[in-house]
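K.L.:
So Swiss-Prot lists the following for this protein:
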ACT_SITE  Glu143  active site
BINDING   Glu9, Asp93, Cys197, Asn200  Ca(2+) binding site
BINDING   His142, His146, His152  Zn(2+) binding site
DISULFID  Cys117-Cys197  disulfide bond
DISULFID  Cys157-Cys181  disulfide bond
DISULFID  Cys159-Cys164  disulfide bond
DOMAIN    6-202  domain 'Peptidase M12B'
CARBOHYD  Asn25  N-linked glycosylation site
Amino acid sequence: ERFAPRYIELVIVADHSVATKYNDNVTAILSWVHQLVNNIILFYRDLNVHFTLSAVEVWSNGDLINVQPEATVTLNLFGEWRERDLLNRRMHDNAQLLNNVALDDNTIGLAYDEGMCDPKYSVGIVKDHSAINRMVAATMAHEIGHNLGMNHDGSQCNCGGNGCVMSAVLMQQHSYQFSDCSKDEYQRYLTNHNPQCILNQP
């Protein structure tokens with residue numbers, strides 16, 4: 001194995017816009033979120049990164065932060081909320097906000113680079129932008145990739161197919177593989193930062 005195993009305990013928050021999109025059908029939302037995680041698990045197999053879904057929170061009664069089109073602002077507020085609120089009641093390593101708000105500049109996701117395990121910065125936001133689960137999962141896997149030190153792929157990066165996970169553009173014909181560049185960047189991140197929270201097996 002090129003990579004030692006790592007274990008990410010994930011919390012996914014579905015905001016009020018997602019609750020509304022699914023007509024407040026929490027069962028449907030949970031099913032969708034479980035499918036997302038199952039897809040993310042597949043994408044990360046090559047990196048020996050294992051995911052468990054620690055919790056799903058659905059903001060049925062209204063958002064607990066001010067979710068807004070400016071993605072950087074929403075991401076910052078979500079990180080602050082995680083540190084202040086979520087971490088105090090739920091052990092986890094990383095939190096992702098699933099939303100259905102029209103984000104500025106056609107953004108479908110945003111995350112902090114190298115944020116994994118940091119109380120505020122181990123977060124991402126992902127738009128529920130497709131009826132194809134794998135497409136949304138690819139975006140969430142991409143944002144978690146940023147948290148794990150991966151940058152966008154340049155033209156020289158290769159994953160043996162179209163559209164690697166860290167490609168700047170999401171394509172229908174995605175290969176859902178991490179490129180050689182991503183693997184090198186992930187390895188460098190582990191070496192330089194060795195984020196402690198993902199060492200323990202849940």
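The backbone N, Cα and C atoms fix where each Cβ goes, and this holds for glycine too.
Since this is a predicted model, take the numbers as computed values, not measurements.
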K.L.:
For the domain 'Peptidase M12B' (6-202), would you mind checking the mean pLDDT of the predicted model?
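P.N.:
It averages 94.
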K.L.:
From the centroid of the CB atoms of Glu9, Asp93, Cys197, Asn200, the recorded Ca(2+) site, which same-chain residues not already listed sit within 8 A by their CB, in sequence order?
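P.N.:
Sorted by sequence, the hits are Tyr7, Ile8, Met91, His92, Asn94, Cys117, Ile198, Leu199, Pro202.
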K.L.:
Which residues, same chain and not among His142, His146, His152, have a CB within 8 angstroms of the centroid of the CB atoms at the recorded Zn(2+) site?
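P.N.:
So the additional residues around the site are Gly109, Ala111, Glu143, Gly145, Met150, Asn151, Val165, Met166, Ala168.
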K.L.:
How long is the line from the C-alpha of Glu9 (Ca(2+) binding site) to the C-alpha of the residue listed as 'active site', rounded to the nearest angstrom?
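P.N.:
Per the Cα atoms, Glu9 (Ca(2+) binding site) and the residue listed as 'active site' stand 15 Å apart.
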K.L.:
Ranked by the number of other Cβ atoms within 10 Å of their own Cβ, which of the binding-site residues His146, His152 ranks first?
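P.N.:
Counting Cβ neighbours within 10 Å, the top one is His146.
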K.L.:
Count the other Cβ atoms sitting within 10 Å of the Cβ of His142 (Zn(2+) binding site), across every protein chain shown.
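P.N.:
Cβ-Cβ neighbours of His142 (Zn(2+) binding site) within 10 Å number 25.
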K.L.:
For Cys157 (disulfide bond), what is the tally of other C-beta atoms lying within 10 angstroms of its C-beta?
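P.N.:
Taking all protein chains shown, Cys157 (disulfide bond) has 19 Cβ neighbours within 10 Å.
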K.L.:
Same-chain residues six or more away whose CB lies under 8 A from the CB of the residue listed as 'active site'?
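P.N.:
Non-local contacts for the residue listed as 'active site': Gln96, Gly109, Leu110, Ala111, Gly124, Ile125, Val126.
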K.L.:
List the recorded positions among Asp93, His142, His146, Cys181, Cys197, Asn200 whose C-alpha is within 10 Å of the C-alpha of Cys117 (disulfide bond), in sequence order, or say none.
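P.N.:
Those close enough are Asp93, Cys197.
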K.L.:
Where among the binding-site residues Glu9, Asp93 do you find the Cβ with the fewest other Cβ atoms within 10 Å?
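P.N.:
Checked Glu9, Asp93; of these binding-site residues, fewest Cβ neighbours within 10 Å: Glu9.
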K.L.:
So among Asn25, Asp93, Cys159, Asn200, all listed as recorded positions, which is physically nearest to His146 (Zn(2+) binding site)? Use the C-alpha atoms.
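P.N.:
Nearest by Cα distance to His146 (Zn(2+) binding site): Asp93.
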K.L.:
For a quick check of packing: other C-beta atoms within 10 Å of the C-beta of Cys164 (disulfide bond), how many?
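P.N.:
Cβ-Cβ neighbours of Cys164 (disulfide bond) within 10 Å number 25.
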K.L.:
May I ask for the distance between Asp93 (Ca(2+) binding site) and Cys181 (disulfide bond), taken between their Cα atoms and rounded to an integer number of Å?
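P.N.:
Checking the Cα atoms of Asp93 (Ca(2+) binding site) and Cys181 (disulfide bond) gives a distance of 24 Å.
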